[in-house]
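Working notes for the structure below.
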């Protein structure tokens, strides 16, 4: 046959639109491992939360204190099932909304409403 090449194959793949599509040739291009390094975007490093959740970082979990010094980032990397979340009992309402809001922010300033030095008696 002139004009095309085909081979017999029983390879099936899942595409964006269909599952188990028979193809004549397939190469798996998806990565199934990660080296742990995250890329900078426009020269700015990501904020890697490590064992902290976004809630633990924002609300001041003592285990997340090292993240307070981070002033800017290109994106936030939160690991699934982070150990250090909120350190008080209760449910964090609208957690997904907080994550969504922070996804478009590259920095913020944290301040104390009641500074310890001036607000509390010694």
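Just so it is clear, glycine is given a Cβ too, placed from its N, Cα and C backbone atoms.
Per Swiss-Prot, the feature N-linked glycosylation site maps to 7 (among others); the stated evidence is sequence analysis.
As annotated by Swiss-Prot, N-linked glycosylation site applies to 8 (among others), with the evidence given as sequence analysis.
Summarising the annotation, Swiss-Prot assigns N-linked glycosylation site to 20 (among others). Within the same chain, residues at least six positions away from residue 20 (N-linked glycosylation site) with a Cβ under 8 Å of its Cβ are 12, 13, 14.
According to its DSSP assignment, residue 84 (N-linked glycosylation site) is in a strand. Same-chain residues at least 6 positions away in sequence with a Cβ under 8 Å from that of residue 84 (N-linked glycosylation site) are, in sequence order, 51, 52, 53, 56, 61, 63, 64. Positions annotated as N-linked glycosylation site by Swiss-Prot, on the basis of sequence analysis: 84 (among others).
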